[in-house]
Amino acid sequence: MFPLSGCWRTELLLLLLLAVAVRESWQIEEKSCDLVGEKDKESKNEVALLERLRPLFNKSFESTVGQGSDTYSYIFRVCREAGNHSSGAGLVQINKSNEKETVVGRINETHIFNGSNWIMLIYKGGDEYDNHCGKEQRRAVVMISCNRHTLAGNFNPVSEERGKIQDCFYLFEMDSSLACSPEVSHLSVGSILLVIFASLVAVYIIGGFLYQRLVVGAKGMEQFPHLAFWQDLGNLVADGCDFVCRSKPRSVPAAYRGVGDDQLGEESEERDDHLLPM
């Protein structure tokens, strides 16, 4: 009885430890973006955009602005908690003079949309204003612009709009290649002509080779189509270059020709008689 009771106690203790471990793992699991609206009615386009930004989930971006007592640091993460991990903040502002942390936007109220070369990520549900914007909750608007040369960078605050009664926001910008639309490669006219020319040359060589071998019955180099023409091509090119490029006129053959001794007849001595003195 006693050994059996001790065994049961050990098993219960192990189950209790396992339950505590599972509970702790659930608690420390990082939160992710929760789109505005009901879970089963989320926009497929927004879900696809968040999946597109997944390579940035494990990155943290920080930027510091101002000087003196008005120096603020902004920490931003994509679909991950920034700053105090229990706050659910996606973007926080830290006052460097007193290290006070203000939540600008939370990831549990995320809205996202895009254009041809940009993505707009919005975190709502930040800490309430004290005396501005009707004491509404803060909101962070991050403009992610296309930059094909970097995965992510150049995170900077642009401005804070708090002069209105409502719909105030903090505006930020950053660069990322993930915001770029896919490049569509088009063949140029020259490339198309080159492909056509290469295809015609291949058809000419293969077709001519088969014809020479199967129909004519040629062997060896004679199987190459129009072999005599290609062998004489160099001379033809040289003649054409000589005809087109040379500016010096060609030597014109003489209009007369020499006469050989065998073509000369015997001259009569009477031809010179009139030269003798009388």
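Just so you know, the numbers here start at 1 and follow the chain as drawn.
Quick reminder: no glycine exception, Cβ is built from N, Cα and C everywhere.
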Which listed span Swiss-Prot calls region 'Disordered', if the choices are 49-71, 256-278: 256-278
Between Cys133, Cys146, Cys180, which residue forms the disulfide that Swiss-Prot gives for Cys168? Cys133
According to Swiss-Prot, Cys180 takes part in a disulfide bond; indicate which of Cys146, Cys241 is its partner. Cys146
According to Swiss-Prot, Cys33 takes part in a disulfide bond; indicate which of Cys7, Cys79 is its partner. Cys79
Compile a sequence-ordered list of residues in the same chain as Cys146 (disulfide bond), six or more apart from it, whose Cβ lies below 8 A from its Cβ; state 'none' when nothing qualifies. Asn117, Trp118, Asp175, Ser176, Ser177, Ala179, Cys180, Ser181
Please tell me which one of the recorded positions listed here (Cys33, Asn95, Asn108) sits closest to Asn58 (N-linked glycosylation site), measuring Cα to Cα? Cys33
Spatial neighbour of Cys33 (disulfide bond) that is closest, considering only the recorded positions Asn95, Asn108, Cys133, Cys168 and their CA atoms: Asn108
Measuring Cα to Cα, how far is Asn95 (N-linked glycosylation site) from Cys168 (disulfide bond) in Å? 20
Which one of these disulfide-bonded residues has the most other Cβ atoms within 10 Å of its own Cβ: Cys133, Cys180? Cys133
